[in-house]
Amino acid sequence: MATKARVMYNFDAEPGNNELTVIEGEIITITNPDVGGGWLEGKNNKGERGLVPTDYVEILTNGGKDQFSCGNSVADQAFLDSLSSAIQVNASAVNSNNQVNSANDPWSNWNAGKSGNWESTDGWGTKPEGASAQKNTSNNWDAAFGHPQAYHGPAAAGDEDDWDEDWDDPKSSPPTYFKDVESTEAGGAQRGNARASGASMKIPLNKFPGFAKPGMEQYLLAKQLAKPKEKISIIVGDYGPMWVYPTSTFDCVVADPRKGSKMYGLKSYIEYQLTATNTNRSVNHRYKHFDWLYERLLVKFGSAIPIPSLPDKQVTGRFEEEFIKMRMERLQAWMTRMCRHPVISESEVFQQFLNFRDEKEWKTGKRKAEKDELVGVMIFSTMEPEAPDLDLIEIEQKCEAVGKFTKAMDDGVKELLTVGQEHWKRCTGPLPKEYQKIGKALQCLATVFSSSGYQGETDLNDAITEAGKTYEEIANLVAEQPKKDLHFLMECNHEYKGFLGCFPDIIGTHKGAIEKVKESDKLVATSKITPQDKQNMVKRVGIMSYALQAEMNHFHSNRIYDYNSVIRLYLEQQVQFYETIAEKLRQALSRFPVM
């Protein structure tokens, strides 16, 4: 008898991609349970066949009940069927990965933590679109030294090293800065906005080295930290602590998007060419490879350095030219940001992403990066400030100052995004229509005047007609202008909103460390730690503070350069825009006879 399955989430098929549109609650017949790459082939009650993500359905028995009480996917069932019947399988463990990601305003918990326990908060990221149906999952920052923004996309079934496994998110919203400003992504939290509108898959924490181990305590209370091979230097410059910048810098050019296919042409994807300017060598990467890099950078550096999220993933329309152009533009901006950071750009994982020579070297580097143990707060063990030790009061003051500024800037950026969104809508909607109405009204008036039969008004009527056409031309200029100036201002704000959304996590980490140092007096009094242990804790929290100050100096220098550049561009384009309009109006005026 044919295997039946219930659809758990809506899925919209991509035209021309051999997929099948299904609706939550629909019963389909499984014609091929394991096509590969996380897909199955199914047939609906209309007889239509196509591919459906395996995680979107659950197998039903003849009685219409779930085959397993925990609701396994078809991929899980195909795997179980391949095993000997003598093997006893814990079905609940198979389903343990079907968790959902919670997400809230990144600053709400930061504010709440000022008077409470920083370590008790969770869900630092903003709420992604379509997350209303998602459940909350706690994220105990104190119990793990991995980063709470870590990638929560779907765990690939089978061999983790099978890089052909397709774990691209099949469903998400198109990238745009015209979303509800309060609900758009912040930092990396929306990377968990995977799969369909109601579902999100989450990589098990044990996939990240260091999770489920003592994090902050391990760093602060270790008698002797092992000397890592990595070393991140911090020096004191004219403006305070700063990262050591490399002698030569480079950028990465993202270009030449090409459509590729796999599974004998059943599945398609877009591949981009990346060329580092310091080597002039090119490598090719898909979006999911960028996602992997983002995940690794976030897990490794996210406790000290804000790692902005990638542009949103989507399925529907992902091969359309305009979407590909927008995504490539944002991937370019993201890669440029990473190249400009002295720590990220020199890291082994980032260099390997840009410079691998073949598939073997890529997979070797990928495995090595995923086994890296210097992640989360342990990244601070690699830092060596060339500066005197700080006292706890100064450390706390520096942390408060960073939190106050980044929160205020976050509010300012959101306000500008909101105003910009409203202005864009007005420029592309009501305002051009008003100019068109004026133009048509003037031309209508000229037509009425022409019907008078009076011979002496031809010049006037022609001038009024041309004035009307001028206003129609102005309408077109107004509608196109946001793409020439406001677009870049909005993109810059969108990037910085991503940066700023990371700071609550970073500040929370520092606050948690400071609180533990404050609690250390009780531990000394009860002989649980020695006075020397406490001094070591203060010293290590001081290292964290130097790292925070170094990052803020890098942030400020980039902020000043970026906003100076983008606002200058905006004003230059606005001046040119209004000069063009003024010239057109002068030409229209010159047609009117002088009385």
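Every residue gets a Cβ built from N, Cα and C, even glycine.
Any TrEMBL annotation is an automated prediction that lacks curation.
The compositional bias 'Polar residues' annotation in TrEMBL covers 105-120. For 158-168, the entry in TrEMBL reads compositional bias 'Acidic residues'. The feature domain 'SH3' is assigned by TrEMBL to 1-62. Taken from TrEMBL, the feature domain 'PX' applies to 250-361. The region 'Disordered' feature in TrEMBL is assigned to 98-197.
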Model confidence over the domain 'SH3' (1-62) (mean pLDDT, whole number): 83
Secondary structure content of the domain 'SH3' (1-62), with strand meaning DSSP E or B: 3 helix, 32 strand, 27 coil
Within the domain 'PX' (250-361), residues counted as helix, strand or coil by DSSP: 46 helix, 26 strand, 40 coil
